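Residues annotated as NAD(+) binding site in Swiss-Prot, with sequence analysis given as evidence: ASP68, GLY69, ASN145, GLU146, ARG156, HIS175, ASP177. The active site, proton acceptor annotation in Swiss-Prot covers ASP68 and is backed by sequence analysis.
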Amino acid sequence: MPAFETVVIAYRAEEAHSRIAADRCESLLHKVGCRVLKGPTGPQDNPYPHFLEATGGHIDLAIVLGGDGSILAAARYLAAVDVPILAVNVGGHLGFLTQPPEVLGGRYWERLLAGEWELEKRMMLQASLTGPPPLPERQPYFCLNEFCLKPASEMRLTSIILELAIDGEIIDQIHGDGLLVSTPTGSTSYTVAANGPIIAPSLQAITITPICPLSLSSRPVVLPATGTIEVSPLRDPDLNIKLWSDGAFAAPVHPCQTVRIEVARHPTRLLILEEDHSYFRTLREKLKWAGTRIQAERDPECLLPPQNHP
């Protein structure tokens, strides 16, 4: 019996390298007796409803070939049915969530089929809208990175006022361009661009970050993941406020409605094949951090004390 009976493969529709890698994975998996479903992913393509319907949700592994955006889309559909995701950077940009293409061959592939891998669980958030109709028919929404509330006007740049409550206690009214509610995984995405903190993904925490607030007193706040966050629009005369999930449109937020955000029951499960996988090495490489110890790997003399010259 194969290590994985049913495997789904999602590849970037517009990337030739991604399609070629998907075909190769499919061939290798067929050779060991796996059932394989394959489909493109992108702005106009979503294979996950088909995958779930065709398998009844019984998927042993998802191989996602692309960048972080491809992984975020997979997580929103597959986390709820506890599918482990092998995320491989094929044609992606930054790749905070992905492993290098080398894991698709050689000893890494042997480790995959032998079950010699680790699972890294990443916390997710869920959001639901409450209040007067119209309310979305299909709730809740899920995110691996962040939920974002911001206006989306075609005619002009607008600011909004949002009332923020935590565990039923009103905390503040935030006047600005919007609000981010993020996971530790999302702290290196939109949140860090909005001057929020970087948080290690092993922590169970939620970060609330105002986007371009009009008050210097509006600062990012880090909360324990046990809290419930409620955000209500107080001023939106043009009815422009939208809820976004990992950069994808989720739902409009109408007057007198509240967005309730809390930790999702199911985390995203990332399958790790690299033996020396390190979150902080990823930060160093992606954010171009450096230090004397890293430099010492190339030039040991840099750690010697400076010599005094007359």
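Note: Cβ is positioned from N, Cα and C throughout, glycine not excepted.
Sorting the binding-site residues ARG156, HIS175 by the number of other Cβ atoms within 10 Å puts HIS175 first.
Cβ contacts within 10 Å of GLY69 (NAD(+) binding site), excluding its own Cβ and spanning all protein chains shown: 20. Reduced to three states, the DSSP call for ASP68 (NAD(+) binding site) is helix. When the record's NAD(+)-binding residues ASP68, GLY69, ASN145, GLU146, ARG156, HIS175, ASP177 are compared pairwise by CA position, the greatest distance found is 30 Å.
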